[in-house]
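What TrEMBL lists as domain '6-phosphogluconate dehydrogenase NADP-binding' is 10-167, 332-490. TrEMBL lists 180-280, 497-617 with the feature domain '3-hydroxyisobutyrate dehydrogenase-like NAD-binding'. Taken from TrEMBL, the feature domain 'Four-carbon acid sugar kinase N-terminal' covers 666-902. Taken from TrEMBL, the feature domain 'Four-carbon acid sugar kinase nucleotide binding' covers 927-1033.
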Amino acid sequence: MSSSSLSAVVAFVGADDLSLALAASFLRSGAIVRFYIDPEADESAARTLAEQGGGVTCASPAEAARDATLVIVLSDADGVDELFFGSEGIVKGLCTEAVVLIRSMLVPSHLEKLELKLSDEKKDIFLLDGYIFIGLSDELKQKIVVVASGRENVAKRAEQIFSDLDNMIYFAEGEFGCSSKIKLVNDLLESIHFVASTEAMFLGVRAGIHPSIIYDIISNAAGSSRIFVEAVPKLLSGDPLLIGSLKSLLKKNASYVMDTAKAVTFPLPLLSVAYQQLMHGSSAVIGGEPASPLKVWEQLFGVNIIDAASQPIYDASKLADQLVVASKEAKKVGFIGLGAMGFGMASHLLKSGFSVTAYDVYKPTLARFAELGGLSKHSPEEVSKDVEILIIMVANEVQAESVLYGNAGAVPVLSAGTSIILSSTVSPGFVTQLKKRLEAEGREIQLVDAPVSGGVKRAADGTLTVMVSGTDEALQCTGSVLSALSEKLYAIKGGCGAASSVKMVNQLLAGVHIASAAEAMAFGARLNLRTRRVFEIIQHARGYSWMFGNRVPHMLDNDYSPYSAVDIFVKDLGIVSRESSNLRIPLHVSSIAHQLFVAGSASGWGRFDDGAVVKVYETLTGVKVEGSPPILNKEDVLRSLPVEWPEVPMDDLVSSASHDSKKVVVVLDDDPTGTQTVHDIDVLTEWPVEALREQFLKLPTCFFILTNSRSMIADKAALLVKDICQNLEAAAKTVPGFSYTVVLRGDSTLRGHFPEEADAVVSVLGDMDAWIICPFFLQGGRYTIDDIHYVAESGRLIPAGETEFAKDAAFGYTSSNLRQWVQEKTRGRISENQVSTISISLLRKEGPNAVCQHLCSLEKGSVCIINAASERDMNVFAAGMIQAELKGKRFLCRTAASFVSARIGIKPRPPIRPSELGLKRSLAGGLIVVGSYVPKTTKQVDELRSQCMQSLRVIEVSVEMISLKSTEDRDQEISRVVELGNAYIQSGRDTLVVTSRQLITGRTPEESLEINYKVSSALVEIVRRISSRPRYILAKAILQVAALSRDSHSRSGGRAMHAEAQVDP
């Protein structure tokens, strides 16, 4: 604790091992520690606390809580009311502003009732809900982790109390009750993992594998979990502590999760069946006596696992090392199956000096392999001639059978003594049958059962975990290849099929862990938890598994690019199901997990990443697991990016594009802010064919057409854009050899008519090679990094979907990831997987040529997101795009203002000073018009009022009167504002005309746009009717400015304005 709190009193009401650890930390910090423990509970905890140097035992909860700064309460649901509100309850002793942290196992509804009752009894105390555990990750190993939730000021107050404790990590998380909900998610995972670990071990032993071998391998493989690592040794030794763990899981953990799921109507199929297993293991009676869980399960599975564990053991890793040392040299390798894993393995063998000849049904993959220096053939038969070792890495048993014995199969042409390494995940039974068939060939063809684990990256790096079984001769013949592919190599005794049995156990656990991660995260989403925060906390807790850490990020990002597909686990857990049936061993949890993957495949997600099993829960319940991107520190993020591309290769390219190829950039500006990054550019407010032809004949680099389409409903905006494009086409046909690129300049915070305006352009001009999406806008603090669009504010990068702009009544959205934003705005017509991206890394490391190559490689009609964090990034992209255009590519751009200035090579100009505005001294006041309704504008209005209180006159325009009332009411309100405006300006006062700040929206986006239009037209009329000439006009009414500009120009007979200046970054 801080120095000011060294004499603070900390009370513990109820205690466990975590309480002891916390109390010790508080005592070391100088705090006074009191505790009350129910006399019916074990008194050893009280004695331990007292022996830790100063802990004081109290006779009642009230005595312990008296004058305490912090009270930490541990209780079950049955006793919590008496503990707080009894005659000697905690409430009787609480002092003003005490912090009470509840660790009780209460379901959320009980917590809410307790909070209400406490607030009635004691209105001046601070209540927190806490989840406390010992950190198990490498990062927080053995630290005490405190997750506290409640009102923000209370959580901050508690953080000050905990801040100086040694060995302590503190998380403040959400509203009251969130911490207990996170604990429920962890408890769900622990319970499922415990039962899955039990099923896996009994299956492995029944398959003939020594349990210690299974444990040693799985503990370091993808099927591992913290529960597996902790519980299996207790299982194998018959540790009596296992009974206590089981009862705790059942009574205090899983049952609370089940109750909560029932309360929020959420299905938990995996936990439900695990719960039944836990009940069975803890409540069965054998021979009239309560049986230990171990005996119950040994009877259920028909396996004496303790006897199996007592059998002689060997070191599978050392045995593999011995075989590798004795291995024979082999250089000519055949490889069948260049999928994601196979390609990595084969390419690594090439790098390791082996001569590799490969076959795959997908010809582009063969071509890629040939580019690396490998040899490719047209059939398994051709690959298998004259090789010393043949590796099979196909998807399933059917494919393995086909490449070995099908048409143009491998086996008939294999030379005598050739070794086959079967690395596909297949059933042990398939391997043993294959071994018999190869022996029947009579050519001494050796078979090595060698399934692998580790993923695509490790396959390419040669760092896989490989389990092998077979004869010593077969293993010695293949040892050099197996060693090259693996970081961890295990030789399993038991002949062919034994290694696949171990892989089967690993896949049982891996599949259940993916499915349980999906169930847990979907449950967390139903409980309204921040799913990214849940993931962050569970990483340090007992509920973590390797698959949870690897697959949940896919769920949070809603990114299911297939690394290992749902259909893979349909197959792998199908193997588990079939083998368990053959071995007569019931596997309840893994069977449910298998059905979840089957459901996912049946729903169309079979080829998606296996993390897409979460979509089964999302579809059934309507929850969304995808987590919002985190808010980032702007300085840290920008500093972490690669160094910018060193050159600005724009001048010559812009000249080539605009003059040599007669290419003009035409910007359709949906509001008048698009010109703020350019200067010396014509801006058209009307677009007849003649006016457009005049512009084309000038052959400018660029000109703007001010459409103001953002103020319109979507259908009208689309018709307007079509009309403009038809005129552009007609004008362009009168200028020989001329072409143009259309840029839809839109809002940098993603508001506007997309894709309606883009569709309108294409309907007239024809399909484009690609749509370019580029909302980067440095001056406004808009950055796109890793496809996430951010709004900079107060040194932070806030995902656009979390900002006020995303809540716009007419143009609202939820996605900050631009690929997902495209999918959202096109209503799934363009899926996020169809959207290409150009990364900041490509812009900064590879430059314009790489941009050009990427754009030229896109399929016609693609959508491409441009990441950018600086003007240089924009320049590099623009240079690459111009190169692609010079090669004949056509693009339609939906961008913010920064792209336009980069594309036409505008050099920045200093902002205009007041002395350069040409204002003459006048006795009249100025006119400031504000119609923008976003909160940021409201803050600017407030700041203007506070700084110019004495000199400024303010006229508030009632939005309700001008948009919702009768025509007569509207006219009266406009007349009132005009009359006041004239009077103030004539008196020499600067005048602010501002719309009322309360946002009024319609029931639909179309109604909201209609309200906007009425407000806009009212402001235009107000300005038109103010007859006093103001000294200046300053407009912060984005859409209204467009109407003002067009109105003033049409009255003067003009069609084009000239943009003279630009905004300062």
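Any Cβ shown, glycine's included, is placed from N, Cα and C.
Automated prediction, rather than curation, is the source of TrEMBL annotations.
Counting residues per DSSP class in helix, strand and coil order gives 82 helix, 1 strand, 18 coil for the domain '3-hydroxyisobutyrate dehydrogenase-like NAD-binding' (180-280).
Between the domain 'Four-carbon acid sugar kinase N-terminal' (666-902) and the stretches 10-167, 180-280, 497-617, Cβ pairs under 8 Å are most numerous for 497-617. Taking the domain 'Four-carbon acid sugar kinase N-terminal' (666-902) as a whole, pLDDT averages 92 in the prediction. Broken down by DSSP into helix, strand and coil, the domain '3-hydroxyisobutyrate dehydrogenase-like NAD-binding' (497-617) contains 93 helix, 3 strand, 25 coil. Break the domain 'Four-carbon acid sugar kinase nucleotide binding' (927-1033) down by DSSP state and the numbers are 59 helix, 17 strand, 31 coil.
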